[in-house]
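Following: one structure in structure tokens, then a few remarks.
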Amino acid sequence: MVNVFVDGLSVEVKKGATILQACAQVGIEIPRFCYHERLSIAGNCRMCLVEVEKSPKPVASCAMPVMDNMKIFTNTPLVKKAREGVLEFLLVNHPLDCPICDQGGECDLQDLTMVYGSDRGRFHEYKRGVEDKNIGPLVKTVMTRCIHCTRCVRFATEVAGVPDLGTVGRGRDTEISTYIQKVFNSELSGNVIDLCPVGALTSKPYAFTARSWELQSTESIDVSDAIGSNIRIDVRGSEIMRILPRLNEDVNEEWISDKARFCYDGLKRQRLNNPIIKENGQYKTVTWEKAFNFILKNLQEIQNSNRIVGVVGNLMDVESILLFKELLNKLGSSKIYLESSTPILQLNDDEKEDQILNNADFRNNYISNTPLAKIEESDLCLLIGTNIRLEAPLLNTRIRKRYLQGNYSVYSVGPTNNLTYNTENLGNDISTLLEISEGRHPFCKKLMKSKKPLIIIGTHVLQRTDGTSIIELVKTLFKYTQIKTSNWNGFNILHTSASSVGALDLGIGSTKRYSEKISNSKIEKHFIYLLGADEIRIENSKEHFIVYQGHHGDYGANIADVILPGSAYTEKTATYVNVEGRVQNTKSAFYAPGNAREDWKIIRALSEVLNKKLPYDSFEDIHTRFMSIAPHLLKVNAIEKNKIVIENSLPFKGLIKNIGFKPLFNNFYLTNAICRSSQTMAKCSSIYKLN
């Protein structure tokens, strides 16, 4: 530790800390434009100048490390004069168009001009004009406002791993630009909007729609993937105007994906507002009572409870999943499947039940056991059947962050992917995994030397008919590596669905496994209840009676005989469990449109009509039930600590097909019903396909 004096206050700081960090430690905020705690130090705006004893001139506090007994002064006439001079130079070419700038009210330049700026200018020449750049459908550029802090350049290069932004020209002609008019091709591009201290980079979808002081904010989480990024929903009236990231060091730091940030316009399109039934091939809007009675009538025609099937969608909350499971159990069915692991639902005589994972009673068999914040402790990474850049962009940034620290290697088994760090592909062949498990592959030597290896298994593995066997094969590595020790667990299942871990916590762990031969016998009519399931494909769907409960008119609604309008994640207070097992809550920002209701309330009302009444009249009743079956679901923003059990790996006896892994999805922007209803996401999809 080093002792320094800031404006006469003594403070101890870590050796190597900067003057700016020392000032922050005693509560003195130093003005800055280019400095950001998550980016490398540039030191090019000079706004953070301070006076240091025995220094001939002011120094940049963001770049100067402290020394023992250093005396720092932040509020002297020299410092004020220096900051005023720097600000005057920054305003020389600034257009001063605050009334029409979307950054107004949230602009660092605006705020600091109020403190250090003058009421008149001394520059009487023509201001420099800079042509605006087209860097994609999400980020609007007004480059005349740019002050060359280079935050966007450093973010793109260091965090996003996409060096598309840079500086061109020199001196007065310096500009921030892309290479030969290329778009900024990153899943995290929207974060440069938050980083920009002026109005040079703003949101295209949000442009000219609202001012920050008109908005009401609600703290919530994102459900577009299984990371559970913390977000802030800004609303005016009953319309979402924008979504911003919320700081959570343990989950998303302060970044969010473009899908989380910009898909919100899909929440006002293709919405289901009223119950609908299909009679004689025609859809009719009806009351809730008539829709429930129509379900009861058709359910009574199903004589065998084995013909009652439920599918849990990717965006569903834990409370609704619990009631859904209990309702189907009361109807005599245990056939409840996860949409994320059952891409195709075939109903035939050759079907048989199986578990997604063996030992699903133990939580560490189906979650990512390495907390996101501890990924930086790993010293080697093996990716199996996953394109982590598309399936979990914020997990990808964590791995890239560790990669940039050095002495880190990333290997993959599966298709070759364009990740944001160097990856050695070991092949897309099951025989490669077999060689690794038997210790015959050259990679095994590196794996054995690793003290804290990280293994990440993708969702595509769970969708394979031999997925359970592949996971058990990977577990045989425990016997000669340190993947799982008394103080480290590097075994991770990467889910891509926000509902998967919560559903598995509630015991919904079965999926469909089929024999190779498909039966030609007549398919009996099934009662299929889709709870927000829009990604699943049902063979011979016209032969069955299908109930769809959800919020968008997507695939599920198109094949349904009854449509029950539910609430989106922005319209309900609900519980979700992320990929690492962390329990988090969404908060209602406004009411659902029309006659749509919260999903758990719909299931509760339906149970009464079906004479299978569920004993839950309030949210508190459901949480009381959690206390007895899964008490960890009540511990918000916490990960239930699981005792690390070192398994005695048995010889592998499973059957695995020698078929390579396939991409889970190729289009990052259209992975759920909300995104597919979003015009912004559609633009992204079409533009980035061409690039």
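From the backbone N, Cα and C atoms, a Cβ is placed for every residue, glycine too.
Per Swiss-Prot, the features are as follows:
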DOMAIN    1-78  domain '2Fe-2S ferredoxin-type'
BINDING   CYS34, CYS45, CYS48, CYS62  [2Fe-2S] cluster binding site
DOMAIN    78-117  domain '4Fe-4S His(Cys)3-ligated-type'
BINDING   HIS94, CYS98, CYS101, CYS107  [4Fe-4S] cluster 1 binding site
BINDING   CYS146, CYS149, CYS152, CYS196  [4Fe-4S] cluster 2 binding site
DOMAIN    215-271  domain '4Fe-4S Mo/W bis-MGD-type'
Near the Cβ of CYS107 ([4Fe-4S] cluster 1 binding site), how many other Cβ atoms are there if near means within 10 Å?
19
Chain-mates of CYS146, CYS149, CYS152, CYS196 with C-beta within 8 Å of site centroid, [4Fe-4S] cluster 2:
ILE147, HIS148, THR150, ARG151, VAL153, ILE176, VAL192, LEU195, PRO197, VAL198, ALA200, LEU201
Taking 8 Å from the centroid of the Cβ atoms of CYS34, CYS45, CYS48, CYS62 as the cut-off, which other residues in that chain fall inside it around the [2Fe-2S] cluster site?
LEU20, ARG32, PHE33, TYR35, ALA42, GLY43, ASN44, ARG46, MET47, ALA60, SER61, ALA63, CYS149
With DSSP assignments reduced to helix, strand and coil, which class does CYS45 ([2Fe-2S] cluster binding site) get?
coil
Tally of helix, strand and coil residues over the domain '2Fe-2S ferredoxin-type' (1-78) according to DSSP?
9 helix, 21 strand, 48 coil
Out of CYS34, CYS98, CYS149, which of these binding-site residues shows the lowest number of other CB atoms within 10 Å of its CB?
CYS98
According to DSSP, which of helix, strand or coil covers CYS98 ([4Fe-4S] cluster 1 binding site)?
helix
Which residues, same chain and not among HIS94, CYS98, CYS101, CYS107, have a CB within 8 angstroms of the centroid of the CB atoms at the recorded [4Fe-4S] cluster 1 site?
PRO95, LEU96, ASP97, GLN103, GLY104, LEU109, GLN110, ARG145, VAL198, GLY199
Protein Cβ atoms within 10 Å of CYS48 ([2Fe-2S] cluster binding site), excluding its own:
27
Fewest-neighbour residue among binding-site residues, criterion Cβ within 10 Å, set CYS45, CYS101, CYS152, CYS196:
CYS101
Of the binding-site residues listed as CYS48, CYS62, HIS94, CYS98, CYS101, the one whose CA lies nearest the CA of CYS146 ([4Fe-4S] cluster 2 binding site):
HIS94
Cβ neighbour count (within 10 Å, all chains shown) around CYS146 ([4Fe-4S] cluster 2 binding site):
22
Report, in whole Å, the straight Cα-to-Cα distance of CYS196 ([4Fe-4S] cluster 2 binding site) from CYS101 ([4Fe-4S] cluster 1 binding site).
13
